[in-house]
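Residues or ranges marked as domain 'NADH:quinone oxidoreductase/Mrp antiporter transmembrane' in TrEMBL: A:135-423. The annotation region 'Disordered' is assigned in TrEMBL to A:547-576. The transmembrane segment annotation in TrEMBL covers A:34-56, A:81-101, A:139-159, A:171-194, A:214-237, A:244-265, A:277-298, A:305-327, A:333-353, A:374-392, A:412-432, A:469-491 (among others).
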Amino acid sequence: MNTELLNFTPLAVLIPFFGAGFAFAFYRNKSAQRAITVGALVLTVILEVTMLSQVWNGGAHAIHLAGWPAPFGIVMVIDRFAALMLVVSSIITLCVLLYAVGQGAAEEKDDSGPVSIFYPTYLILVAGVSNAFLAGDLFNLYVGFEIFLTASYVLLTLGGGESRIRAGVTYVVVSIVSSMLFLITIGMIYAATGTVNLADLALKLGDLDPSTQLTLHVMLLVAFGIKAAVFPLAFWLPDSYPTAPAPVTAVFAGLLTKVGIYAMIRTETLLFPGERINTALMIVAALTMIVGILGALAQADIKRMLSFTLISHIGYLVFGLALSSIIGMAATIYYVAHHITIQTTLFLVTGLIERRSGTSNVLRLGGLAKISPVLGLLFFIPAMNLAGIPPFSGFVGKLGMMQGGIAENTWITWTLVIASVLTSLLTLMAVARIWTRGFWRKPEDADETPERQLMSKTLAHSRAANKRYLPMSMVAPTATLVAMSLAFSVFAGPLMDFSRAAAQDMYERTPYLEAVFGPERTEGVREELEEFAATFLIDYELDDDGAADHAPVETSLQPDDEDAVVVPEIPDGDDQ
Amino acid sequence: MSIAIAVGLLTAAAVYLFMQRGMVRIVLGFVLASHAANLMLFAAGNTAFRGVPYVGSGEVGEQADPLPQAFVLTAIVIAFSITMFMVTLAITTTTDDDTEDVEVSPARLLAADRGDTKDAGFFGLTTESGDIVVEHGEDETGEPWPEKIPGPVTPAETQEGDAR
């Protein structure tokens, strides 16, 4: 591993920030602003892909900002998981930005929004998300959250409009309540341990009184749970997201909840590993899945429907992280990456549907598949992917989680497996309803008066209108994202191996600690940590290149094999 | 002890204010909540230690812990900017700071009492004074209505216009 290159990691935060500054400076010149924003994001993507390739084969790297040693200074840590999240998120944000640029160009006439602040705010959002992914201490994580949340407040209420402001108020108030909780928890953690450095906390939190640990643990999870839209804390989401413009909703849906999930995963693996509240988390996960998808079934508006499926699929991620096994966590990591892509894509496609037909209300849609087959394809692939139909990546991720659940083999994990199958089927139903209504039936058959834009005299007329309504500059970024989601299934093998390595690192915690503190301090606790990790990890045979756990036929569904799988395998020292 | 009481009082007041429907009260609630959180962060650093926190300038047991103070400073700045943003949200677009749906807003109910429910149901009647703000159709004409308070759109639009 070439660690020198990784020392440029903070640029992932700084480039968007500087880009934002310059974009502000050029607020009078829209094209310069656009060029700066796109350029900054392209640079960020290149940088982050380089970093991912650096950490692909080997562990974590910490950057001590300004050279202050670990528990005192600010640390940025990049490990496999963080690098993957960074790359996926910045590719997503770049595609959404290109889509927004396309939309802006297409809607030049009625361009009522103050575009001069859209680009810089968008870059600040990216910087905040990157900062949250890289944060090596709790307070920096809080700052990262605040940066992207403040940017998101602005993006959500951009352009005024009463309904948008009203939705924005809900979102802002809920977000600041969760931020307050997070800040209070940071204060409590600092009072209990005297540090906010994540690596230092990983070592110190274990010595606390179990009841104190539980309080801190639950408070952190509640604060992150509001941001991640986990079931009882998710009701703000479907009310606030759909009112924003399509690109903004897309990037919110894809990224913001996932940053909450990212923080939850860090909490569960680095700070409070163990099975203390796994059962509670699983119940929450099951409720999130079921309640979310039932809500989705009741919606007629595609955007609202997608917001509810977003909540529902957060349940899968919570399930995966509550499993406390390498296979479960590996599936979660894979699924996060998949879900960011797929949810963003679906919202972008919905934006296209809205442009083409003038509405996103499925009761007034019809005949889109005939009018624009491209649009049909762009919707069909991610929709099937969301439902988890086999060749697509959603299936791979869900399969991994179910494998983990079945391998753990308790009543609660079986309940969760059943709930996730059910949710998957209901998701299929929800998207199939949109497909049959919006795309397959004739516009004349719509439940309510169909939109005028759909009722052209001949097919040739409506095909001709496609060019006006669906400019290439908007279709191309969407198609790129669809292609990326397909790539997740094509490269599922290497990605799954990568996720497994990331999960192993995260549970063992030694690579992270070693990166932050250096080898001396870590050596003393290494054995203890490894023993601790081995007590609750379900590990798999790795001799057969992972065939046993990647090939569906070889799952532990057969009850006879179950013992062979559940027995934890204590890793030898050479493995590290 | 006094800090604990202060945090408790501030939090209670903040929760009460969060429950109100006026946006300005929610903003005040947020201000109080952020004060509570900041005091809490202060308390985390043990307020009994008041010495100068430079290395070598005092006894280790007496030096204040600078870290929570740095946290509090950061948190104050963040809370301040968000407060400003929320106040802006409170006065933008709508003519009152009500956060509930228009159907049940006091202005609407007042209008219903006066017997002009039909108009209130069709147009957006949102002022407490009884002035009718017809928001219907504003996008077609593009002209701001006299009663409307300009939103964040307008200044930026003018800038765009200047540039051209």
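Cβ from N, Cα, C; glycine included.
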For the transmembrane segment (A:81-101): best-contacting stretch of A:139-159, A:244-265, A:305-327, by Cβ pairs under 8 Å: A:244-265
Most Cβ pairs under 8 Å with the transmembrane segment (A:412-432), selected from A:244-265, A:277-298, A:374-392: A:277-298
CB contact flag for the transmembrane segment (A:333-353) and the transmembrane segment (A:214-237), at least three pairs under 8 A: no
Top Cβ-contact partner of the transmembrane segment (A:214-237) among A:34-56, A:244-265, A:305-327 (pairs under 8 Å): A:244-265
Contacting positions for the transmembrane segment (A:34-56) when only residues 6+ beyond its ends and CB under 8 Å are counted: 1-3, 5-6, 8-9, 11-12, 15-16, 18-20, 22-23, 26, 78-80, 83-84, 86-87, 90-91, 93-94, 97-98, 101, 104, 119-120, 122-123, 126, 130, 498
